[in-house]
Each structure stands twice: as structure tokens, then as C-alpha cells.
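Enquirer: Here's a structure for you.
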């Protein structure tokens, strides 16, 4: 009787752990952006956050969804990608609205202008939506044509997770240009690090495709590089940039 009760308790515990792990995988990726979103709304300043982070995650998760058509992976990871795409669009909408409010005299820049010098620095949120939709349609069409090629499918999976592994590099570059991490949510980066560490461990334990966990390790290394920037720029403050340079930097970052 005691053994049966113990087994039931273990089964319930294992089920609970599985549900918690599943929830962490699906929603854990978006949690780091909550403090950054709140900071931007509170200060009405998005200069410290690089919207290229949104670009990286949108591309990575769109490619990951397409990869699933060629090679099955857990449904949890599919939902994770869908929720992340929605989150990045919300972040882009906020950053665009804040920038429009602070740059009233700036000439309108549009996606359909096809001006690469202003790529991902458009005026309205709808331009970002047009770009994301165009990329999705082109990538989906190419995937449809080459879905029978094992080499293409594996390459697509690698590009998906490698792009995500480069998530922190726009923020890393933005911090380097500004010679500061001011305006960037440190909580966001700490959550990136803990989330990426958990995610990489999850990939290893569930025997996910090798592309997933190798690029997960790379992502953790980038997170630690950003944390080092936080330490370095706080311990050794750099010479403040001029107003003109700062304005140029913020335009590139956004």
C-alpha cells in the first residue's frame, strides 16, 4: 500500500515537473522582454534597446516553423516560436510609436522605398509587418520547392537556430557603439542567460536535433559577453559621446 502511494506521488511529481518545464519552454523566452517593455513605456525612450534583436528573433522563429515541415520536433517548440513572433511584433510596435513621438520632423521612411540605407529603420509599424510578411512568403515558397531535399531541410534548421543564437549580437554591438549599457534592461539580459541555459539543457535532455543544442551553447556565450559589458562599462565609464554621435547611434540601433 505504501509502495503504491509512493509511486502515485512520484507520478504526480513527474507530471508537475513536466508541466512546469513545458510552460517555461513556451513562455520563458518572452519573459525577459517584459521589463524592457515596461522601461521603454515608462521612459518613452527606446535608444538603449536594439530593434535588430526583434529582427533576429522574427527570422529565426519563422525559419524554425518552416523547418518543422521537413523535420518534426516537439509541438512545445512550435508554440514557443509562435508566441515569440507575437512578442517581437509587440516590441516593434512600441519602439516605432516611441520613435515617432520623439522624431516628429523626420522624413517618412517606408519598406516599399527599398532603400537599404534605412533597412529596419522605417517610420511606421506597418512597414515592419510588410517586411515580415514578404520574408515569410518567400521563405515558405522556397521551402515548398525544396522540401524533399534532406540537405536543404537540415540547412534550414541550422539557419533557424544559428540566427537565434546570434540574438544578443545586435545588443552587443549597440552597447559597444554607445560605449554604455544605459537604457538596456539588465534584468532582460539576466533572464536571457538563465533562459538560454535552461533551454540548452532541455535540448540536450530531450535529444533535440544537434543544431538546437550547439547553437544554444553559442547563445549562452553571447549572453555572458553582454553581462561582461555591463560590468566593464559600469566599472570603467567611457567618454560620453556627443549629441550628434548619440543621435546617429540611436538611429542605427532602432
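Every residue gets a Cβ built from N, Cα and C, even glycine.
Nobody curates TrEMBL annotations by hand; they come from automatic prediction.
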Enquirer: Out of 119-144, 145-170, which range is noted as transmembrane segment by TrEMBL?
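Expert: Among 119-144, 145-170, the range TrEMBL annotates as transmembrane segment is 119-144.
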Enquirer: Go through the chain and flag residues at least 6 beyond the ends of the transmembrane segment (46-66) whose CB is under 8 A from any CB in it; none is fine as an answer.
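Expert: Non-local partners: 36, 40, 77-78, 80-82, 84-85, 88-89, 91-92, 94-95, 98-99, 120, 132, 135-136, 139-140, 143, 156-157, 159-161, 163-164, 166-171, 173-174, 178, 181-185, 246, 249-250, 253-254.
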